[in-house]
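Participant: Quick one: the structure is below, questions incoming.
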Amino acid sequence: MCPCPYMHQAKPQQWHDAKLDFAESMSYGDYLGLDKVLDAQVPRSQQHNEMLFIIQHQASELWMKLLLHELRHARQLIDQGQLAGSHRVLARVLRIMEQMVSSWAILATLSPMEFISFRSDLGNASGFQSYQYREIEFIFGNKNRAMLLPHQHTPQIAKNLEQCLHTPSLYDAIIQQMTRQDLPICALRLDADPSEPTRSDASVEAAWVQVYRQPERYWDLYQLGEKLMDIEDAFRQWRFRHVTVVERVIGFKKGTGGTEGVEYLRKMLGTVLFPELWSLRSSL
């Protein structure tokens with residue numbers, strides 16, 4: 001038999017000018033660490049739908065990681081007085097949050113019986129214990145020392161959250177910048193303990209009223225105010241979609257983390273991150 005004429009030809013090294021041999025160079029998968037990322041989904045049950053549940057939450061944690069990355073950068077820019085530079089960063093923050101809101105639609109395809117089939121395998125694991133989510137809340141000013149307790153078994157995470165608890169919030173940083181534009185803020189507000197949750201302050205509202213009445217004069221602050229409104233709007237939508245999906249999937253059962261489930265999540269809907277930005281509307 002005649003040997004195949006192509007048998008001894010060298011393997012192609014390119015295809016349409018694309019490099020094909022990565023034996024000695026970095027590939028797409030290498031750069032992204034996909035071996036680790038795609039090996040991180042380890043279902044505890046044999047149920048088909050547990051993979052959806054795991055990937056939904058892991059993907060959310062990745063978006064939260066990016067969200068924190070951008071929020072820290074925005075706060076740094078604001079601390080440096082680069083308000084205009086922070087606008088683009090906060091615009092990205094908003095898009096990330098919109099992505100997180102839309103992702104609830106995927107988890108909503110999980111039926112009650114599909115979730116029940118593997119719920120017991122979660123043990124006490126709950127999104128309530130997400131330390132990245134907690135840090136996001138802290139950066140937004142919703143501080144709560146009790147929320148450090150679920151992380152005492154992981155010292156480095158507990159240390160990071162403790163530091164975040166005592167670091168001025170994004171909103172605190174903006175209020176400090178208001179004083180640099182000769183907007184009077186009460187000393188008690190400026191010297192407030194950063195580990196305490198944001199509380200409404202009359203002097204802050206009065207300052208925001210001036211900003212909104214003269215947007216051309218305080219354009220950078222006005223833009224920051226509107227971006228914070230957009231972000232809190234998206235955050236409320238995220239919370240609401242969370243409540244809706246949980247009620248749709250488990251009804252009013254207790255959460256795996258021990259909370260009252262839907263009832264607890266409904267209470268959280270009342271949280272206001274930037275109170276004066278909402279109340280000023282009534283004062284204009």
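In case you wondered, yes, glycine gets a Cβ from its N, Cα and C as well.
Small disclaimer: the values here were computed from a predicted structure and weren't measured.
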Participant: Where Swiss-Prot shows Phe53, Ile54, Ile55, Gln56, His57, Arg119 binding substrate, which of Thr256, Thr259, Thr271 is named for the same site?
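Facilitator: Same substrate site in Swiss-Prot: Thr256.
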Participant: Could you say whether, by DSSP, His242 (heme binding site) belongs to a helix, a strand or a coil region?
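Facilitator: Its secondary structure by DSSP: helix.
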Participant: Restricting to the same chain and to sequence separations of six or more, state which residues have a Cβ under 8 Å from that of Ile55 (substrate binding site).
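Facilitator: Spatial neighbours, sequence-distant, of Ile55 (substrate binding site): Gln41.
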Participant: Rounded to an integer, what is the Cα-Cα distance in Å between Gln56 (substrate binding site) and His242 (heme binding site)?
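Facilitator: Pair distance, Cα basis, whole Å: 12 Å.
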Participant: Rounded to a whole number, how many Å is the Cα of Arg119 (substrate binding site) away from the Cα of His242 (heme binding site)?
Facilitator: 17
